[in-house]
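Student: Got these off TrEMBL a minute ago, pasting:
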| type | residues | note |
| --- | --- | --- |
| COMPBIAS | 1-13 | compositional bias 'Basic and acidic residues' |
| REGION | 1-22 | region 'Disordered' |
| TRANSMEM | 59-83 | transmembrane segment |
| TRANSMEM | 103-124 | transmembrane segment |
| TRANSMEM | 131-149 | transmembrane segment |
| TRANSMEM | 191-213 | transmembrane segment |
| TRANSMEM | 219-242 | transmembrane segment |
| TRANSMEM | 311-329 | transmembrane segment |
| TRANSMEM | 379-398 | transmembrane segment |
| TRANSMEM | 410-430 | transmembrane segment |
| TRANSMEM | 451-472 | transmembrane segment |
| TRANSMEM | 478-498 | transmembrane segment |
Amino acid sequence: MAEKDESRPEPVIDHGSINGDHIDKSAIGNVTEVQGNTHFHETVSAAPLNPWSWTSIQLYCILLVAALNATSSGFDGSIFSSINAMTQYQNYFHHTELGSSTGIIFMIYTIGNMIGSLFTGLICDQFGRRAGMMTGSLFIMVGAIVQTAAKSDAYLLGGRFTLGFGVAIGTSSAPTYALELAPPQWRARVVGYYNTFFYTGSILATGVTYASAKNNSELAFRLPMGLQLIPPFFIFAGALMIPESPRWLTATGKKEQAAAILAKYHGGGDTNHPVVQLELREFEESIELQKASNLWDYWALVKDHNARWRFTMMSFMSFFAQLSGNSVLTYYLPSMYKILGIISVERRLLLSFANSIVSATGAVAGSATNDKIGRRTKLWVGSIVLAGLFGAVTGFSAKFEHGSAGISTAFSNAGVAMIFLFGCAYSFVYTPLTATYCAEVLANPTRAKGMGVHVIMSNCANLYNTYVTAVALEAINWRYYLIFVGLNLIYSFIWWFLGVETRGRTLEELDEVFNAKFPPRAALQKHIMVKRDGHLAGLSDNSDLPEQV
């Protein structure tokens, strides 16, 4: 600790409030209010990283391998939405665009996801995050081959089940890996960008199907199915060359390897870099907890007050993100356009392609603002916006219940615009936060298992989305949308009242928040950082005086 300057008057501070409301800031000097742990902000402020250094570029390439899992998920998740609208596919397999049989084809992928999720924790905790990504990619490639060659519903269902199984393992392992390798300074943005890669896969899938649909043969749907092999191939090859997660290495007793990785990518090769030291201390403190966590002990996710709040936040995100209406767009977007009076398959596929691009811009913008807008604020305000936009889609769709005869195309175009805006808004709010927020709120010893449960919960919601939506759109048409309008309004209140803010804290520092009696309030408390003679002094709720560092 630095010695005090006796010639300088002591600053006048009222320690009765940690919110800074009663602090005479003019007497202190340069004051910064931060939401989070002051030690984290002090360390990060003193040790900025160069985002354009060669090492940083290498880190981006490493994280790109993880992000390709989201691309694979986006390709697999979006491609069947477009294939399902093709007459070539419908005639070959004797399917309809909506209805129970179509719902089963979509649902089997989700069932594979759910079962694959059960093995995520075991693979990731026992063999490492890279092993999880490689295992997932192998199953995806097998599923893609079976689906592409399918001559009957049995093979089609088997291929889609295997695809879902592999995607579950890959998309649980990859965000955990990205979160654990990203520098603390960039974590929110880096991991936020992870989910935006879903839309690179979605854009490729909708673009390819729009082009292939012009072919009148089986190639129209078999070519896009075959292209599902490409992302997992690069994931498997890339995972062979990237470093293992330093958190996993630390938890398995390989501290020297973890330190070397952190020093290279977070500290410019210096193991004494302040950020590296901060992370190593956090890793070491969690080793005993990691060892005490049984591979199949999912009770640890809800065993105490801290764990239950973490589990609740993860559950909110898992269900709300899937039941906001976006999954209707993901799986049945061409059918939504048909409800708006657009009959041409070619035009509907083109609009699906355009919607993927618009949604991608929302995802990128949302990721870019992850460090600027709090998670809680983005979620509760965003839910209100989503409710309004889906309400508008509902209103315009209602105009076409009895056909498009005599109805201006302006209503159809306006409905399409609202769908585009909804996709963009959803991508801005949920796409950068779904995996990020779940990984942030989960404690290190239970993170891999918790992310597996997150996938299970998400897919429980998607069982509803895939099967019930196909039946409901056929039976009650646009009225089905009203469910999501109401749900988004409910979500807004829940996020506002119960949402726990995680921005500005390291993962381990969130313990003090979740140990509080009411974590949502504790998470909003601000701490004071005082710049004095070039040094930062942190004032926390336990300090009698600012401590100079």
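Here the Cβ of each residue, glycine as well, is placed from N, Cα and C on the backbone.
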Student: Would the transmembrane segment (451-472) count as touching the transmembrane segment (311-329), if touching means at least three Cβ pairs under 8 Å and pairs must be 6 or more apart in sequence?
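Tutor: Yes, the transmembrane segment (451-472) and the transmembrane segment (311-329) are in contact.
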Student: Taking a Cβ cut-off under 8 Å, which residues six or more beyond the ends of the transmembrane segment (191-213) line up next to it in the same chain?
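Tutor: Distant contacts of the transmembrane segment (191-213): 63, 66-68, 70-79, 81-83, 86, 88, 174-175, 178-179, 182, 219-221, 223-224, 227, 231, 345-346, 349-350, 352-353, 355-357, 359-360, 363-364, 366-367, 370, 427, 431-436, 439.
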Student: Restricting to CB pairs under 8 Å, which listed stretch, 103-124, 379-398, 410-430, is in contact most with the transmembrane segment (478-498)?
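Tutor: Answer is 379-398, with the largest number of Cβ pairs below 8 Å.
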Student: Are there residues at least 6 beyond the ends of the transmembrane segment (103-124) whose Cβ is under 8 Å from a Cβ of it, and what are they?
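Tutor: Same-chain contacts beyond the ends: 76, 80, 84, 95, 131-132, 135-136, 139, 143, 153, 156-157, 160-169, 172-173, 176, 248, 295-296, 298, 331, 448-449, 451-453, 455-456, 458-460, 462-463, 466-471.
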Student: Apart from its near flanks, which chain residues at least 6 from the ends of the transmembrane segment (379-398) lie with a Cβ under 8 angstroms of it?
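Tutor: Beyond its ends, the transmembrane segment (379-398) has Cβ neighbours at 320, 324-325, 336, 339-340, 411-412, 414-415, 418-419, 421-422, 425-426, 428-430, 433, 477-479, 481-482, 484-486, 488-489, 491-493, 495-496, 499.
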Student: Which residues, given as numbers and ranges, are at least 6 beyond the ends of the transmembrane segment (59-83) yet have a Cβ under 8 Å from it?
Tutor: 89, 105-106, 109, 133, 136-137, 140, 160, 163, 167, 170-171, 173-175, 177-178, 181-183, 190, 193-202, 204-206, 208-210, 213, 221, 224-225, 227-228, 231-232, 234-235, 238-239, 242-243, 265, 330-334, 349, 352, 356
